[in-house]
Amino acid sequence: MSASDLTSVQAAAPQGDRQILVTSALPYANGQIHIGHLVEYIQTDIWVRTLRMHGHEVYYIGADDTHGTPIMLRAEKEGLTPKQLIDRVWTEHKRDFDSFGVSFDNFYSTDSDENRVLSEKIYVALQDAGFIAEREIEQAYDPVKEMFLPDRFIKGECPKCHAKDQYGDNCEVCGSTYLPTELLNPYSVVSGATPVRKTSKHYFFRLSDPRCETFLREWVSGLAQPEATNKMREWLGDAGEAKLADWDISRDAPYFGFEIPGAPGKYFYVWLDAPVGYYASFKNLCDRNGVDFDAWVRPGSTTEQYHFIGKDILYFHTLFWPAMLEFSGHRTPTNVFAHGFLTVDGAKMSKSRGTFITAQSYIDTGLNPEWLRYYFAAKLNATMEDIDLNLDDFQARVNSDLVGKYVNIASRAAGFLIKRFDGRVQDSAMNHPLVAKLREAIPQIAAHYEAREYGRALRHTMELADEVNAYVDGAKPWDLAKDPANAVALHETCSVSLESFRLLSLALKPVMPRVAEAVESFFGIAPLAWSDAAKPLSSEQPIKAYQHLMTRVDPKQIEALLAANRDSLQAEATGAAVATANAAKDAKNSAKANANAKQAVVNGADDAPISIDDFAKIDLRIAKIVACQAVEGSDKLLQLTLDVGEEKTRNVFSGIKSAYQPEQLVGKLTVMVANLAPRKMKFGLSEGMVLAASATDEKAEPGLYILEPHSGAKPGMRVK
């Protein structure tokens, strides 16, 4: 290898001069880690390892999210204190993260002294700056447990479709959303008692303050993901719309959390102290390691701060969190990276089908965690797209890529090198064109990882692995070994193969760190960094005896995994069913004592009169058309993206293409049926219906006209 070749490869690698703080969302200390959670932690860990391999100063911080009513109630149910519960769950979560190679520099807890102090400090700073408001609000109250009830702890009869045992904020049968006060025959999930209405003073973060809007409009321009930027702009609205609402940051006792300074019996809502937990975990690490915490978090700091999250919590991390930091005297995040959800075999994870797979069950079944790391990485990119774990594809891809292509290279060459050449490579082979091609590809692969385009990085790597295998197939070392006269050619072939394998291992190291560690031991080399692309194997360092690096996925392992999750969750499901049945029975008894349930039954012809109860079943909402496009392959349909006042938009296909161009509709308000059952169409899932008017005889009087409300109507408003 020439000096100029070495110089060019070294120059392509970024110098390790950045200081970077990275977090993943905090898992709630109320349950097990499952493979859906692992998507995020594996994604973050790959990125962190990529940066470390450049030599940057990187801290990967995590913690359990430990506060809130669910923690308090679960602890009570199990006969534990909340502290005992969260300590046990912390141990389980830490075990699972370690099993999957998630390399936190510190994994802590939000129930810590550091978090209490920082949460209070941020709150007081916001209060002093005029961002805290006090208001009396009315809430549901459990008279038996003497506690205010979150929406999800109230059940009753859906006011729209009259389905029983529905939550206090939405119906799982018809999809309607509503206020807890609209629920019919409500009961407390905690005690079964009928809730009463009670007022209480609450504390709000004034997100509606014009200073917040001005700051957030500027901050959002720096987000890396267009989907996140667009979502933020939807939430912010146009200048002057004042769409941001104040955020209730307090909860009443009894509550497991931190008491608000100067407000006895009032506690910080979990979503205030949870993100502060990022800083608390980091401060705990800094104090132990002599790192200047303040230098990392003060305004104007030259350090970088990144948050990896699921797209379902984008709202908290791109509105509340940066605004809290900005106006409490802290630096704001450099960027927030959101990912999509995980499906298994094309469907939502299911306990009944065994696809609600826990991290521990995966390990207990004997599956290699680096198989899952590789599979997720092959599916992940820089967008918020959902990814699917197809179990057949998982087995095929691991067996083909990792065993058939990658590991196979070392196993085909190592034996010959040890037996014939004392395990020492041929130095001249390090200049082979194939080796040079792999070496030159390393900076691009590293760049793909840093851009969070893991799928691209792995596709490039496996394309190179194909070329190496083609080289070995063409050289046929097994035939060369038969004739001593071919010793030089055999030595070169084995040396090229193993140096190529080293470079492929370097390319795969962020994804498969344990395999990379085994490869480093096999070659007798220091831990691989990106700059080591320019440091080939040497005859001065003999390789060790080859140890098998990876086995194939056995279909029986997948079957055992699904069975294990069905079996382990059966008792839980049975217990939950009994509890639900008892609660429902209590609710029915309470309902009979307090009210007569109404059930609407529609009979008769289409033009028969209907009752007001029948009409009330239809959930009509104001919707804003935030995007519109023609549907390829259809001459009738337009695809609408609708803001209906929820945290996420709705996708609706509408047969109005004959009347409107897509650009005519963007920005308009219309009326939609929000509780229509989603319909799977050829072009995708339609999540509702927009309303349009037309003549009875459309041939004689053609035309379609979407309904538009008067000015002043806002997305999410109900049409009554």
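If you go along the chain as it appears here, the first residue is 1 and each next one adds 1.
Each Cβ is built from the backbone N, Cα and C atoms, and glycine gets one as well.
Per Swiss-Prot, the features are as follows:
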type	residues	note
MOTIF	27-37	motif ''HIGH' region'
BINDING	Cys158, Cys161, Cys171, Cys174	Zn(2+) binding site
MOTIF	348-352	motif ''KMSKS' region'
BINDING	Lys351	ATP binding site
DOMAIN	614-720	domain 'tRNA-binding'
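Across the fold, the C-alpha of Lys351 (ATP binding site) and the C-alpha of Cys174 (Zn(2+) binding site) stand 22 Å from each other. Local packing around the binding-site residues Cys158, Cys161, Cys171, Cys174 was summarised as the count of other Cβ atoms within 10 Å of each Cβ; on this measure the leading residue is Cys158. Take the mean position of the Cβ atoms of Cys158, Cys161, Cys171, Cys174, the recorded Zn(2+) site; other residues of that chain with a Cβ within 8 Å of it are Pro159, Lys160, His162, Ala163, Gln166, Glu172, Val173, Gly175, Ser176, Lys617, Asn675.
Here the motif ''KMSKS' region' (348-352) has a mean pLDDT of 87 out of 100. A simple way to gauge crowding: the CB of the residue listed as 'ATP binding site' has 15 other CB atoms within 10 angstroms, across all the protein chains here. DSSP labels the residues of the motif ''HIGH' region' (27-37) in these numbers: 3 helix, 2 strand, 6 coil.
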